[in-house]
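K.L.:
To start, I am sharing the structure in question, which I have written as structure tokens.
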Amino acid sequence: MVKICCIGAGYVGGPTMAVIALKCPSIEVAVVDISVARIAAWNSDQLPIYEPGLEEVVNQCRGKNLFFSTNVEKHVSEADIIFVSVNTPTKTRGLGAGKAADLTYWESAARMIADVSKSNKIVVEKSTVPVKTAEAIEKILTHNSKGIKYQILSNPEFLAEGTAIQDLFNPDRVLIGGRETPDGQKAIQALKDVYAHWVPEDRIISTNLWSAELSKLAANAFLAQRISSVNAMSALCEATGADVSQVSHAVGKDTRIGPKFLNASVGFGGSCFQKDILNLVYICECNGLAEVANYWKQVIKVNDYQKNRFVNRVVSSMFNTVSGKKIAILGFAFKKDTGDTRETPAIDVCKGLLGDKARLSVYDPQVTEDQIERDLSLEKFDWDHPVHLQPMSPSAVKQVNVVWDAYEATKDAHGICILTEWDEFKKLDYKRIFENMQKPAFVFDGRNVVNVEKLREIGFIVYSIGKPLDPWLKDMPAVA
Ligand code: NAD
Ligand code: UDX
């Protein structure tokens with residue numbers, strides 16, 4: 001029986017390994033983590049992450065060929081293939097701070113593998129890492145090898161949160177990078193054999209190590225670039241009377257462009273896009289490619305501009321002040337169908353509104369009060385952009401009330417900001433909501449989920465990203 005161990009039981013390690021276990025009953029999969037709480041949650045009925053379909057997969061395999069454990073060393077030493085899926089956040093201190101990936105967790109995992117291994121191993125980079133990380137890992141392992149042979153593979157993960165299980169069941173491609181030596185090719189084949197249990201052969205691509213590592217950063221940069229492109233257009237739509245949904249539809253009909261990932265929004269969030277682009281920018285700078293670095297940096301700058309623009313729109317529409325006004329925040333997660341709030345645009349929007357002394361009432365179906373409070377209290381690292389850099393003062397955070405119902409959140413509110421595209425926000429009884437709000441009642445839709453015309457008929461003043469402006473808003477100061 002092949003044994004797999006995955007170091008890191010997070011958003012990637014957990015679902016990825018659960019799907020491998022489900023699809024490969026002949027493989028024993030252990031997912032290990034240093035976080036006792038996370039492993040306890042994986043072993044309980046309350047999984048540590050919310051992901052549609054995940055619970056069903058875990059329930060089918062846990063205790064059979066899928067195990068979650070804090071006994072990292074035991075499982076690593078017994079495994080044939082070790083996936084490393086630890087976090088690789090942006091460095092906040094020292095050389096490259098604000099851009100470079102922090103590989104502390106990766107390095108410590110590699111050193112631990114070298115310490116405890118007693119047999120040959122295939123070590124798979126599952127985390128997103130800078131190009132050439134495999135070389136560094138190889139050095140750590142071989143310099144401490146005690147005669148053990150290691151093959152390093154790069155197998156970046158392309159799943160998106162909220163659709164992780166679907167993405168893992170039916171990936172567009174599985175990418176495996178390895179050394180172009182006979183041993184390297186043998187290792188690639190061993191990993192291909194795992195995926196071949198359910199992924200068609202023509203979707204399993206193999207490349208050299210550096211292409212695989214760079215392709216992951218490139219894919220995220222391209223995806224984020226599409227969003228910044230459509231968001232930049234949304235500003236121009238508002239200025240000209242064009243409708244961004246119509247523009248996206250027309251543009252996306254070109255088969256060379258395609259229809260996906262062209263939804264204008266309050267800005268992209270999530271743990272990956274910003275971090276990976278900053279990492280790409282840093283790698284370009286280190287290679288003396290200043291123009292290339294600046295090109296990609298612009299994707300993040302436009303994202304910050306979009307979040308700022310949204311806050312300014314809210315404040316300017318409401319007579320240039322939200323001081324003391326209750327604003328309902330519908331949705332805090334960075335996208336629907338996840339409870340993840342990492343880099344969610346809601347953090348910047350809420351901080352912007354709190355900076356103007358608003359009172360916030362926040363509702364998200366999957367994000368806890370503790371999480372929201374933590375997110376709004378923490379100092380955000382300044383990479384070099386001006387968005388709301390200061391940590392919130394404790395008194396500002398006191399202006400935030402977290403509730404478990406959209407109707408409660410909007411009661412007596414002056415305005416509503418929709419910041420996550422949860423399906424339930426499309427189906428709310430907006431008539432009832434309108435009746436219980438202060439007048440004039442505003443809706444600022446940062447995800448284009450509401451029916452603008454219907455809401456205007458009810459009496460709301462509606463702002464929807466990139467849509468023709470409400471006559472009311474046209475008379476308000478211009479927003480840049
Ligand atoms: P995460 O923070 O949810 O999980 C990482 C886990 O690794 C944590 O539970 C942490 O306790 C554990 N860990 C850290 N150091 C460890 C060590 N030395 N030994 C054992 N456990 C250790 O992170 P994530 O979202 O799963 O992301 C993991 C990697 O995958 C990152 O590089 C990320 O960029 C990449 N990625 C993430 C996504 C996504 O949607 N979240 C998608 C594709 C790729
Ligand atoms: C992303 C990549 O899609 C995935 O391939 C990679 O493995 C990890 O990073 P994720 O961040 O989980 O996945 O979600 P994604 O669906 O890409 O959304 C990222 C952000 O972009 C969200 O805030 C989402 O709301 C926003 N978005 C997405 C838009 O604003 N408009 C769109 O058209 C699509």
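The backbone N, Cα and C atoms fix where each Cβ goes, glycine too.
Note that TrEMBL annotation is computational and uncurated.
Okay, so TrEMBL annotates it like this:
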| type | residues | note |
| --- | --- | --- |
| BINDING | 8-13, D33, R38, 86-90, 127-128, E161, 272-275, R342 | NAD(+) binding site |
| ACT_SITE | C272 | active site, nucleophile |
| DOMAIN | 328-452 | domain 'UDP-glucose/GDP-mannose dehydrogenase C-terminal' |
K.L.:
Between the Cα atoms of T90 (NAD(+) binding site) and C272 (active site, nucleophile), find the distance and write it as a whole number of Å.
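P.N.:
Between the Cα atoms of T90 (NAD(+) binding site) and C272 (active site, nucleophile), the distance comes to 10 Å.
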K.L.:
Considering only the recorded positions D33, E161, C272, which possess a Cβ situated under 6 angstroms from at least one atom of ligand 2?
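P.N.:
The recorded positions passing the 6 Å Cβ test are E161, C272.
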K.L.:
What are the DSSP helix/strand/coil residue counts across the domain 'UDP-glucose/GDP-mannose dehydrogenase C-terminal' (328-452)?
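P.N.:
The composition, in the requested order, is 39 helix, 19 strand, 67 coil.
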K.L.:
With H, G and I counted as helix, E and B as strand and the rest as coil, say where DSSP puts T90 (NAD(+) binding site).
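P.N.:
For T90 (NAD(+) binding site) - judged by DSSP and reduced to three states - the answer is strand.
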K.L.:
Taking only the binding-site residues G8, N87, T90, which have a CB closer than 6 angstroms to any atom that belongs to ligand 1?
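P.N.:
G8, N87, by Cβ distance under 6 Å.
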K.L.:
Other Cβ atoms within 10 Å is the metric here; tell me which of the binding-site residues G8, Y11, T90, E161, Q274 scores highest.
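P.N.:
Highest number of other Cβ atoms within 10 Å: G8.
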K.L.:
Please classify the secondary structure at C272 (active site, nucleophile) using three-state DSSP.
P.N.:
coil
K.L.:
What residues, ordered by sequence, lie under 8 A Cβ-to-Cβ from D33 (NAD(+) binding site) and sit at least six positions away in the same chain?
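P.N.:
Listed in sequence order, they are I7, G8, A9, G10, G13, I39, F68, T70, V72.
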K.L.:
What is the interatomic distance between the Cα atoms of N87 (NAD(+) binding site) and C272 (active site, nucleophile), given in whole Å?
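P.N.:
A Cα-Cα distance of 10 Å.
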K.L.:
Give the distance between the Cα atoms of E161 (NAD(+) binding site) and the residue listed as 'active site, nucleophile', rounded to the nearest whole Å.
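P.N.:
Cα to Cα, E161 (NAD(+) binding site) and the residue listed as 'active site, nucleophile' are separated by 10 Å.
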K.L.:
Considering every residue in the domain 'UDP-glucose/GDP-mannose dehydrogenase C-terminal' (328-452), what is the mean pLDDT value?
P.N.:
91
